[in-house]
Every structure is written in C-alpha cells, then in structure tokens.
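A.B. asks: One structure follows; several queries about it will come next.
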Amino acid sequence: VHLTDAEKNLVSGLWGKVNADAVGAEALGRLLVVTPWTQRFFEHFGDLSSASAVMNNPQVKAHGKKVIHSFADGLKHLDNLKGAFSSLSELHCDKLHVDPENFKLLGNMIIIVLSHDLGKDFTPSAQSAFHKVVAGVANALAHKYH
C-alpha cells in the first residue's frame with residue numbers, strides 16, 4: 001500500500017487519540033454481529049446468541065484487543081505490511097483456514113468504529129488514509145493464501 005508522508009502522519013496522529021482496546025473489542029464484536037457466519041471461528045468463545053451477548057462477551061473483547069494490537073503494530077511498518085503480517089497470514093491460512101475476505105470485513109468495521117470514536121476529526125482525508133491502511137493489512141494477511 002502506498003501512503004504519502006502526510007497520510008502516514010495523519011494515521012499515526014489519529015491513532016494516538018483512540019482507545020485501541022475499545023476499538024478492537026467493538027470492531028470484532030460488530031463483525032460477529034453483522035456477519036454472523038464469521039462466528040464459526042469463535043464457537044469456543046461461549047455465548048454469541050445475540051448482539052448483546054456478543055458485545056458483552058469477555059472473550060470477544062479480549063480477542064478484539066489482541067487483533068487491534070497486531071493492527072497497531074502493523075502501523076509501525078506501513079512500508080512493509082506483508083513482512084509485518086507474514087506469520088499471522090501463515091497462521092490464518094494454514095492452521096485456522098480463515099476466509100481472507102473476512103480481513104476486509106473486519107477492516108470495514110475498524111473504519112466504522114474509528115469514524116464513530118473520532119467524530120469530526122475523522123475527516124474525508126483521514127477516512128481515505130485509513131481505508132488504504134486496512135486494505136493493505138487485509139492484503140498482507142491474505143498474502144500466504146496465494
């Protein structure tokens with residue numbers, strides 16, 4: 001993914017304003033609610049029977065935190081996302097057999113949560129930059145599938 005220096009600065013500056021743990025928990029929760037077929041990867045998380053159950057599930061929140069911290073680590077390697085996510089790509093491809101389309105879906109949820117949390121700071125320029133980032137991360141995570 002190619003981001004200009006201005007876009008990189010915008011992304012890193014805005015990322016410093018968010019509660020990453022909350023973003024991760026909400027984004028994963030929204031993914032599981034809006035696209036319920038993704039729940040099959042998380043059946044061991046217990047009660048996912050309703051939107052409320054998903055959004056309040058401690059295992060969903062904990063995994064969302066783990067996911068978003070990996071995403072945040074990737075923000076430090078915007079010029080080499082494939083390298084940064086190589087081992088996670090291999091894990092999700094070879095062991096977990098996650099449909100790579102799910103990475104795009106989760107990226108969309110991250111954008112939605114960021115938009116809500118950042119409000120007017122999430123300008124069209126910021127949204128564009130974050131869309132590039134989540135697309136790059138999704139592509140990097142899908143890399144081992146090819």
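A Cβ is built for glycine as well, from the same backbone N, Cα and C atoms used for every other residue.
Residues annotated as N-acetylvaline in Swiss-Prot, with similarity to another entry given as evidence: Val1. The domain 'Globin' feature in Swiss-Prot is assigned to 2-146. The heme b binding site annotation in Swiss-Prot covers His63, His92. Swiss-Prot lists Lys82, Lys144 with the feature N6-acetyllysine. The feature S-nitrosocysteine is assigned by Swiss-Prot to Cys93, with similarity to another entry given as support.
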A.B. asks: List the Cα distance (Å, whole number) between Cys93 (S-nitrosocysteine) and Lys82 (N6-acetyllysine).
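C.D. replies: So the alpha carbons of Cys93 (S-nitrosocysteine) and Lys82 (N6-acetyllysine) sit roughly 14 Å from each other.
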A.B. asks: Tell me the Cα distance separating Lys82 (N6-acetyllysine) from Val1 (N-acetylvaline), rounded to the nearest angstrom.
C.D. replies: 10
A.B. asks: Write down the Cα-Cα distance for His63 (heme b binding site) and Lys82 (N6-acetyllysine), rounded and given in Å.
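C.D. replies: Lys82 (N6-acetyllysine) to His63 (heme b binding site), Cα-Cα distance: 22 Å.
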A.B. asks: Mean pLDDT for the domain 'Globin' (2-146), rounded to an integer?
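C.D. replies: Across the domain 'Globin' (2-146), the average pLDDT comes out at 90.
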A.B. asks: Would you identify the secondary structure of the residue listed as 'S-nitrosocysteine' according to DSSP, in three states?
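C.D. replies: Its secondary structure by DSSP: helix.
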A.B. asks: Tell me, by DSSP, whether the residue listed as 'N-acetylvaline' is helix, strand or coil?
C.D. replies: coil
A.B. asks: What is the total of other Cβ atoms whose distance to the Cβ of the residue listed as 'S-nitrosocysteine' is within 10 Å?
C.D. replies: 17
A.B. asks: So how many other Cβ atoms are close to His63 (heme b binding site), meaning within 10 Å of its Cβ?
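C.D. replies: If we count other Cβ atoms within 10 Å of His63 (heme b binding site), we arrive at 19.
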A.B. asks: I'd like the Cβ neighbour count for Lys82 (N6-acetyllysine), meaning other Cβ atoms within 10 Å of its Cβ, all protein chains included.
C.D. replies: 17
